[in-house]
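Data first, discussion second: the structure below is written as structure tokens.
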Amino acid sequence: MASSTTFDPEDLANAAAAVASQLAAGGDTAQRPLRTSQSFRMDEGYSGEETPSLYEDPNQREDMRSARDNGELKIPAWMAGLNDALREEYAYKLVRTLPTSHIASLVDRLVPILHLDFVQILPSELSLQVLSYLPARSLLSASLASRTWRRFALEPRLWRDLYRSVGWEENSAEVRLFESQMRERADEEARQQQQAKRKAEEQRDEEKQMRDQARRNMDRFRASIPPHIEGSNISGGPMDTSGEWPAQGSNTTPPYDTPTQTPDSSDMNYYPSGSESQRTVRGSTNPGISFGSAAAMSEDDDMYPSSLSRPVLLPTYQEQSLPIRPTLTTPGYSNQMRLNWAFLYKNRKMLEDNWLHNRYTTFQIPHPNHPLEGHTECIYTIQYSPNFLVSGSRDRTVRIWNMRTRRLVGEPLKGHNGSVLCLQFDESPDEDILITGSSDSSVIIWQFSTGKILKTIEKAHQESVLNLKFSKKWLITCSKDKFIKVWNREHLETTHKDYPWHSKYLFGNGAEARQHPHHPSNIGQNQSVWTVQDPSSASGFGLQNPYASSAGTNRGFGSRAPPKGAVRAIPAYSTVQNLVGHGAAVNAIQLHGELIASASGDRLIKLWNLRTGLCEKTFMGHSKGIACIQFDGRTIVSGSSDQTIRVFDAETQAELATLQGHGALVRTVQATKSRIVSGSYDESVRIWRKDSEDRWVPGPVLRQTPSPSHRTAAAAGAGHPANAGAQLAALAYSSAVHMHQIQHVGGPGFAGAVAAAQLLPSHHHHTQFQPTVLPQPGAAVPGAVPTPHTGHASATTHRVFKLQFDARWIICCSQDSKIIGWDYAADEEGIVEASRFFKGGS
């Protein structure tokens, strides 16, 4: 059988040699000519081979090309039966018999087989899919291969995925706004180009009409000249061909047959004012007429008024080359500009390196040139966005600052009768709201854009409002009175999907609520809760719906919550839940979806369900009262008077890490997936980051350096953990005693001094300040007589009360009347330009 056929090696060698000699001698198979693209080669020197004849048979060469293209040249069966190694050896021996030029041509034919450029061959989508598996450094290396590779390797979609894969987040609203602006700009440019093109076409049509009209007028004018004056001037003299203007005194005029052929006729008005024909016929009293210039005019001559300039031809589309250095925008399809994610990735990487190596610039609010715009006393709370910063102070005012100019926006907002301890704002047009809480136990809702008070809840709690958070639907507040309250932000009818049917605060055991026809348990499977018919709407007897809202005093509740058991419509900003469970002041809360995380002086962290008002989980670990908390749905980070920061898993309640380093109460903390920034009464701001093994490690320590007038000998060692606690405790103790003596004189704004002392680390000689239940840290005041900071402040004038950070900034407030910021863009122009699109820390 053919499969068992064997070949004698000697016969194979002889056959191969015969084929090689036949090819070398130019037998039946002609030598293949060089490729057209490689027809010219440099002299490669002496090769030891015979020079092929320059006079090859054209027919033989054509037969060879036809045989190669049509696949008629077959490999002998005996050669196809050899193994790969033997065929390779025979092919090499055979190639070595070829002239150098043929070997080079053969190599050219093999290169496409050995080196396939998939970017050129595959569809763009598949090429991008292949490149999407490369890391950033490999993509940058690939961009150096060629222009085509550069365009693919720097495709914004690849770098957007890389940006997100690192864990960085973008400011989606800012990205959408920027891209919409670019689309609008591109659409406007396209409209302008279309208008220019249309005007150019109209101008060409108008010019063509004018040329045609002028030519017709010239033909009629020439036809009107009598034959006996052909070739002479009108007066019968010889034609003046000297090119000079005739004397001004000549007043002879040419004869015209018809009035329409006079120089003043409407048809003649088509002669342009700057043309040679008009200067001869209309612009002079000389009757001499020359038609040589007009006869020689072509359609392309510039014979029209300057106001009708020729259209500018729009350039044809050419693909723009990418710049050497990435810029904020990059050309896309049809050269429409897009956001360049490679630029964002590069500058975000530089920004993270600045964080790692602690490179920053500092700034303060108010601007140093306008110190009188600042608060007159210490600042307890801040919140900022890319455009604004809002601060609340012990001076009972709220101030809005422009983040770019660091100047005050408008007048200070006044309305509280106590220290402003907490706030939150949303400047977006659909919200435009600012909510503040105070030590006077009130909550005020302001219109952010105007500073107008929209609503005041006088007694939101029985004692100081220490913290608040809001979403589009709910407002959550916590207080020194140990309670957490949930308020609705919009009017709720019983048919509303967010109506708090499960609220024990409103309905007690819920028996009456369950009997209500709008209660979810009474709605059939095929009937929507939103389509329950009002029983009074179709009665025809003027009956009143007992479940509808009303402005009457007997059925409406105004700003008060309805009495227990009364199932009625609930006005906006009414208490719908009262969460009870903590045994001390609730110092901080966080809202994530429908979960509320709370931290209290009773050393516990609780996780509540907003809908049901039930405590679902309790976290224990701190040995003293907890002052601050951060919750993102997965992780809880808390700071305590035990001088530690603890990280908990929200699902398993396991304590993941305990961070030690502060020398006093950890008053404020903010966290992301890989970075924690904390502020303490030891006057320091500490940065913690995750290492390569996913462990939290301490990073740089930042301090608000006070001026010499604010520093005393007792504060010289405050930055050292070894003695900071003792110094702060001693100062707090003496200040607390003093403040306790004057609290009846100073009013409720001074009543938090004892709380400040209790939140500091305790020592053996101050055992009287070691309570099991800690009052609020929010009402803590400077450890001195409460006067504005005029150079006579206590030694610890920079206890950090509140901080916030994002990808670029850390900003904090303290006992000082100034707000201090650290800018990790470090004045790098590219980082500053790109930072508007960054969100949060890494």
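Just so it is clear, glycine is given a Cβ too, placed from its N, Cα and C backbone atoms.
The range from 399-421, 537-559, 698-720 that TrEMBL describes as region 'Disordered' is residues 698-720. Away from its own ends, the repeat 'WD' (458-497) comes close to residues 418, 421-424, 431, 433, 435-443, 516, 518, 529-530, 532, 547-549, 567-580, 582-591, 596, 598, 600, 608, 610, 613, 752, 775-779 of its chain (Cβ-Cβ under 8 Å, at least six residues beyond either end).
Across the repeat 'WD' (619-658), mean pLDDT in this model comes to 95. The DSSP breakdown of the repeat 'WD' (413-456) into helical (H, G, I), extended (E, B) and coil residues amounts to 0 helix, 24 strand, 20 coil.
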